[in-house]
Amino acid sequence: MASNQPNNTLYINNLNDKVHKDELRLQLLALFTTYGKVIDIVASKGSKMKGQAFLVFNDLAGATTAMRACEGMLFYDKPMHIDYAKSKSYATSRRDDPNFVPPSAANASSLIRNGTLDNDKKRHREVDDEVARQTKREKAESDDEMEIDDDDDDDSGPQPNGTLTPGVIPPQVGHPTSRLFCTNLPLEVTDSVLSILFQQYQGYRSTHVSMSPIPNAAGSQVKMGQVMFESAELASVAKEALDGYTLKKDWKMSVVYV
C-alpha cells in the first residue's frame with residue numbers, strides 16, 4: 001500500500017543494479033508506457049541512486065494504474081517496490097509552470113531539458129552509440145545464422161520446432177495462431193524489451209528479436225521479432241492490445257499472426 005500522497009511521480013526501488021542505466025531506462029519506458037504517458041525517467045548508477053528510479057507520468061491516473069499493476073512484479077529477476085514519490089518532480093513542476101527553474105542544475109534530470117524523452121539530444125547520442133555497438137554484434141550473429149541456414153535444404157517457412165528462419169519475413173495468416181510477428185521495431189528494441197511488453201499477457205512463452213532484411217516505409221533500418229504464446233486464443237489478446245503500439249515517437253509496432 002502506498003505510504004505517500006498520490007502524485008504523478010513514482011519512486012521505484014529494489015531494481016537490479018547490475019543493469020546498465022541506459023538499458024534500464026529503455027526497459028522501464030517500455031514497461032510503464034503501457035499504463036500511461038511517461039514524461040521523464042530518472043535513473044542513475046551513483047551510490048545514492050543505486051537500485052532506484054523515478055518515473056514521471058503525464059497524469060495521476062497513469063501513475064496510479066502503473067503502481068497497482070507493477071508493484072512486486074519481477075523485473076530483471078527482482079521484485080519492484082513502488083510508491084508515490086515524496087515530492088513533485090522537476091518535469092511536473094516545469095509543465096505546470098514554464099518559468100520554473102530547478103534549485104540546482106546539477107540535481108536536474110538530463111532527460112527533461114526539452115520536456116520529453118525524445119528531445120534529449122545528449123541521451124540519444126549515448127543510446128545511439130550503445131545501439132550501434134549492439135546492432136553490429138547482432139548483425140554479425142544474424143549473418144552467421146543465415147550462412148548456416150543457406151546450407152540447409154529446407155524452405156524459408158516456420159521450422160519444425162516452431163521458430164522462424166532468421167532474416168526471413170514469414171507469410172502473414174488471416175486466422176489466430178499462437179505465434180505473433182512484430183515489425184517496425186526501433187534498433188533499441190532487444191529480446192528483453194519486447195518480452196516486457198508481452199509477458200504481462202497470460203500464456204506468454206518467449207520472444208526473439210533480429211534485424212529485418214528490409215527497411216521500413218521511411219527507409220530506416222529496423223528490427224523484427226517473433227513472440228510465442230501457449231495458445232492462439234491467448235496470443236490474440238496480446239495482439240489486439242499491442243498492434244499499433246507506439247514504442248517511441250513516430251514508431252508504431254505492427255503485430256500479425258504467422
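Every residue, even glycine, has its Cβ placed from backbone N, Cα and C.
TrEMBL: automatically predicted annotations, no manual curation.
Residues or ranges marked as domain 'RRM' in TrEMBL: 8-87, 178-258. Marked as region 'Disordered' by TrEMBL: 92-175. The compositional bias 'Polar residues' annotation in TrEMBL covers 106-117. The compositional bias 'Basic and acidic residues' annotation in TrEMBL covers 118-140. Annotation source TrEMBL lists compositional bias 'Acidic residues' at 141-156.
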Across the domain 'RRM' (8-87), the model's average pLDDT, rounded to a whole number, is 87
Please work out the helix, strand and coil residue numbers for the domain 'RRM' (178-258) from the DSSP assignment. 19 helix, 31 strand, 31 coil
DSSP tally for the domain 'RRM' (8-87), helix/strand/coil in that order, comes to 23 helix, 24 strand, 33 coil
